[in-house]
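A.B. asks: I have a structure here, written as structure tokens, and I will follow up with some questions on it.
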Amino acid sequence: MRTLRWTLWNFRRIVLILAAPLLLLPLPLVIGTKEAQCSFVLLLMAIFWMTEAVPLAMAAMLPAILFPAFGIMTSSDVAKEYFKDFHFLLVGVICLATSIAKWGLHRRVALRLVTLVGVNPAWLMLGFMSGCAFLSMWVQNTSAVAMVMPIVEAVLQQILKASEKDVGGEDNPGLQLDGLSGEDEVKASEQGDHAGAAPGDPDHDAESPPAAPSSGGARRDRMLCKAMCIGIAYSSNIGGISTLPGTSPNLIFAEFLHQTYPSCNCINFGNWLLLCFPVSLIMLLLTWLWLYWLFIGSDFSFLWRCRGEQTEKERAAKKVIEDECKSLGPMSSQEIFTGLVFLLMVLLWLTRAPGFIPGWASLFPQSAGHITDATVALLLGLLFFIVPAYGPRRKYESMISWKEFEESMWNVALLVGGGFALAEGAKVSGLSQWVADLLTPLGNLPVLATITIACIIVTTVTEVTSNAATVTIFLPILSALAEAIHVNPLYVLIPTTLCTSYSFLLPVSNPPNAVVFGYGHLTIMDIVKAGIGTNVIGVLATLLAVATWGVPLFSLDTYPDWAPVHPGSNSTSP
């Protein structure tokens, strides 16, 4: 039995790959409808995406195999879904992200933001969260965390080492860091020992008599490590929602809108930024305060208190940041070129078709509507393969190589392409309409209540499935629901798209959580406790946006001409 258990565990992926289709076979064999067959593909992909029994990109290829086999779509029709305009935008953005990471521009940006806020633990956390959020607006969320987290870890290790030298025990409840600690507790902190971080009130420890031997200082340092690490993971998702290329659900939404409603030209880089950047800013600040209160303490007097003399830990953190800045040296020509291309890309995106005034795309009247954000990204991305990285005295080498680029490209491209294929299959088979009909009774509720329920459902599902899979599954369902209750589809699709990025509850909910969890400062319960509050903040901030400034920005209070009108639809006004 022991050998059998070991064998089953060793080959658990193969067991799951064989068992999952067998358990789902009644859907295509017994029920046999197109909707049931599409459900089989959807559930099988969801299981493989959740468990990672096979690589995510290969699991995304299942529609290319099963849709033709079930007669839902032809092989050529499925293949068309795997490469769209979205992928050209992705190519340009990944070229930029590759150059940023290769030449170290991300470190300079992150460190510059941290130096602006100072080394007080609370402000230090906000500085790192802001830097990670800014980076994730332009690069993949996982890449942003991978760029920032090594710097954060170096600072945290210096703070933990400073605990060994801190024997004065001066009470300082504002910083929540000072206090006596034994050598064993400090070593446990450095090794990520969570057993000593039992739940309790941090303020109580801060007010303990400084002369008494206590592990309060080491415990508070561990709490700071937890808050800082979780803040980095969450800020990557929070920053990613601000821009269309910031995270894959946003791009999937934009492409779905273009495919489903070809006459809808109301979503572009500029108005998405106007809607979502305030949401991101509100979430970042409230999440920062929530994490500070949850892990460090309830004393927020640091918000208005003048800076006093720096503690040993603050000086240690400041030294690390200064050393990191010095190690970067002066800004290189490669960094300057990458920064200029980045600024040019953002400027061209913002001014292509801002909506309230004619953009530069109007200079090409003969190709109106043909130029998109992908055109800009692809053109500027091409420059990184042409412009030499060094001067004429050295052998020619482009800013980035194809090998460096493709390491980041194809996994994301195939994953999202599989999502497009799944969404199209759900539409063609009638599965999305069938589910939408089940949800139609929600139309009897006020529209904001319907949207709130949809946001809660999506936020719950995205905790156990990938963000791209969740948005792919729900977009066709919710668009059909919006048409059935005669509500502007954007009123339902925009908030639910944003909520697919609010996967804060588990280490496996998204890659940034897993990357941060791997550093050993966190337990699963730490992420669960922090994630519940952050999910609530995210849903409320999103609902605030679509109910206030989102209404005039996208005319959400009217049913648009580009959406179909179904006979007998349940008309509901916002």
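The backbone N, Cα and C atoms fix where each Cβ goes, glycine too.
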A.B. asks: Would you mind telling me which of 412-435, 484-507 TrEMBL tags as transmembrane segment?
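C.D. replies: Checked against TrEMBL: transmembrane segment maps to 412-435.
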A.B. asks: Who are the long-range neighbours of the transmembrane segment (447-478) in its own chain, taking Cβ under 8 Å and residues 6 or more past its ends?
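C.D. replies: For the transmembrane segment (447-478), the sequence-distant neighbours (Cβ-Cβ under 8 Å, at least 6 residues beyond its ends) are 42, 45-46, 49-50, 56, 247-249, 252-253, 256, 260, 415-416, 419-420, 422-423, 426-427, 432, 435-436, 439, 485, 487, 489, 491-493, 495-497, 499-503, 505-506, 508-510, 535, 538-539, 542-543, 546-547, 572-574.
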A.B. asks: Taking the transmembrane segment (272-295) as reference, which of 14-33, 40-66, 117-139, 530-551 has the most Cβ pairs under 8 angstroms?
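C.D. replies: Going through each listed stretch, the top one turns out to be 530-551.
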